[in-house]
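Participant: What follows is a structure written as structure tokens; I'll ask about it next.
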Amino acid sequence: MMEHVHLAAEEEDDLYSGYNDYNPAFDSEELDNDPGFQQAVRTSHGRRPPMTAKFPGTAIGGRALGTSFGSRMPMASSMGRPMTGAVQDGAARPMTAVRAAGYSSAMARGSAFDPLGQSKGPAPQLETKNEDTPEEKMKILERKVNDLIEESCMAHGRGDLQLSLEKAKEAGRKERALVRQREQTGTADTINLDLTYSVLFNLANQYANNDMYPEALNTYQVIVKNKMFSNAGLLKVNMANIYFRQKNYPKAIKFYRMALDQISNAHKELRIKIMQNIAVVFIRIGKYSDAITSLEHIMSESPNIKTGYNLILCYYAIGDRERMKKAFQKLISVLLGVDEEDKYTPPNDDPHTNLVIEAIKNDQLHQMEREKKALAEKFIMTAAKLIAPIIEASFAAGFDWCVEMVKGSQYVELANDLEINKAITYLRQRDFNQAVETLKMFEKKDSRVKSAAATNLSFLYFLEKDLDQADRYADLAMAADRYNPAALTNKGNTVFVRHDYEKAAEFYKEALRNDSSCTEALYNLGLTYKRLGRLEESLDCFIKLHAILRNCAQVMYQLASLYETLEDSNQAIEWLMQLISVTPTDPQALAKLGELYDHEGDKSQAFQYYYESFRYFPSNMDVIEWLGAYYIDTQFCEKAIHYFERAALIQPTQVKWQLMVASCYRRSGNYQKALETYKSIHQKFPESVECLRFLVRLCSDMGLKEVQDYATKLKKVEKMKEKREQRVKSGRESSARSRREGSASSVGSSPNSTPPIKSNDSGHSSQGTSAKGERMSARLRALPGSNEPYEASSQRDVDASYVDPLGPQLERPKTAAKKRTEEDEFADEELGDDLLPE
């Protein structure tokens, strides 16, 4: 077998030799010295066909035979194309099975290893797009339209409705220009319908947001009528909403129903919402039967709280008691899909779970759940209070039925709130005994309900001025819930009316520590500091309260009063101006403003506000007196007569007003009218010394015979007056003597005792008259000349002491009842209380 094996000799060449030899035919550097190449360039020799017949094989002509006797024969460059195994560019063509491409042990002359071709330099720059082409221009314009739509939506999100509309209009203009360009270039079939739909839809929305309803409807109509837009019929819902805003209810129902017809049954939730809108429109136009049909279908398919509440309202409108009961039962059986609160109670043994629960306790999802539950409770409470008075023979029986239904539902905690609302309903009916009895039933309940009931009881007894019971139930409410700000406020009120202001301030401050938004406590704390003379602290309280209650007239009045006490008239006037901007028809605020301008010496401004006060309330004696005195000062006595005559009608037993009327006639030169007025006054008040003096003077000036009669009567009246004054003087001297003797006898027992000072209701001494009364009386006394007899009358005759009409009402402490909802608040006109609005 081995005899057939041929062993090559050691000197025999390799079978693949010759592939790495250099072929001079590819040496471009030696072309200048190659005679064959130069001849081909100069003549047509190079265009002749190659002489390939001499070389029958590709491998034979380029290399020696595969024996040890052969020799290598290089091929000339002019012999024809190189063979496959010829050397190219200094490197032989490699065999794939032997050597990888690009790698060679034989390097070309002057060449380096560069498989990636980096020696050729950087790649040429990319060719820039030509933006002058029509297609590129249209693409750029399309991008601009999209950017404008986005800017319009962003502006609407920021609340800049005008800018969003302008951007939407600009997007519409550019989109129409884009369509024209495509039509001109013959590419109308490539128009972007989605872009057109987006532009029109955004424009219609922005028109509607800017209350441009006709333009919005026209734009929506363009979309709806275009059959190329898919699902455009859904936009009829938007059109129906616009008709609803315009109160065009028949068209709104029509478009809602057209939209409902174009929506398949697969979109169940969308159909339910449209049917809710249809029911609301029927309620607006009073077609409750049609609304009931839609609402009953919704409650059978997809029940929800709002639909159930609307269904109860419709049954209430038609007066169907039995269906009201059934609807209420359906309402309280609606599932909210809210997790139980126990889920957010952290266990004590797992710290990791505690951290997770603490993180999700106040997240947005939990806040949404709480809001949803609070809204459901509000609807149920409102529905129960609405139907309770009519579903049974009495409202008490109706409330009891609602309470029983609620106790068997998932809203069992609302039963106690309904009981408290039952007591409040008794209050509104002025049945205080039943209200008290109902609230007393909660004394054995849990702490929260017990505290709420006791707070309301304390509130009621405080209004009835039963301070002992009010104090007792305030203590009971505080014992049940020490952190109840309403209970603390009521406790402070009971202490306040007993003039223990320091202790009252402590209760108010504790209420504020528990609830910083308790406006009643903050208002009462300001009043307490005002009574204690701590005006700066009181001012700070009312400024904080004004930041919470911007339009509260009582707070503004207190700020003006404090600045007036601090002798800052400019600030007082500023706050009163804000007050009349809120309540422009308040006569007391206008009169106070006139008084401040009068103090500043601005008579014209003072007259303006006094006159406005008189116009709204023509029975304020202080205002009437000031206006009469003003006209006398300005020498318009005829106009002053009108005000003094009104004062005489209001106080017919006061002679001073009728004397002022007669004096105005005399000053204006109408002596005959003045004489008649004085005679009339003498008939009503025969003992009036001033009237008789004027009668004597006028009769003597006019030469009348009655002068002697009036002079005789004047002497008699003066003598009677002197005797009366002497008796009063002797009685005062005897009483003073007896007091001195009594005090002398009691010196040894109580040497430091002093007689008590009688105080009025406002806590101030009752000695003397108010400052305004002294100013007004002095003005009236100083009006006529000093030689006229009636100006010398005592202050007792013409005194008009001023009592601030707003003071006692506004400085009364605020009571705080436990208010469950807005409907449970006690109105001022019903209970006469001075509660601040929340």
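Think of each number as a place in line: the chain as shown, counted from 1.
Placed from the backbone N, Cα and C atoms, the Cβ positions cover glycine too.
According to TrEMBL, the record shows the following:
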- 40-63: region 'Disordered' (REGION)
- 112-135: region 'Disordered' (REGION)
- 485-518: repeat 'TPR' (REPEAT)
- 553-586: repeat 'TPR' (REPEAT)
- 587-620: repeat 'TPR' (REPEAT)
- 621-654: repeat 'TPR' (REPEAT)
- 718-838: region 'Disordered' (REGION)
- 718-742: compositional bias 'Basic and acidic residues' (COMPBIAS)
- 751-770: compositional bias 'Polar residues' (COMPBIAS)
- 811-822: compositional bias 'Basic and acidic residues' (COMPBIAS)
- 823-838: compositional bias 'Acidic residues' (COMPBIAS)
Participant: Any idea what the model's mean pLDDT is for the repeat 'TPR' (621-654)?
Facilitator: 89
Participant: According to DSSP, how is the repeat 'TPR' (587-620) divided among helix, strand and coil residues?
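Facilitator: Once the DSSP states are binned, the repeat 'TPR' (587-620) shows 28 helix, 0 strand, 6 coil.
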Participant: Summarise the repeat 'TPR' (553-586) as counts of helix, strand and coil residues per DSSP.
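Facilitator: With helix first, then strand, then coil, the repeat 'TPR' (553-586) has 27 helix, 0 strand, 7 coil.
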Participant: Across the repeat 'TPR' (485-518), what are the DSSP residue counts per state (helix, strand, coil)?
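Facilitator: Helix (H, G, I), strand (E, B), coil: 26 helix, 0 strand, 8 coil.
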Participant: In the repeat 'TPR' (621-654), how many residues does DSSP put in helix, strand and coil?
Facilitator: 27 helix, 0 strand, 7 coil
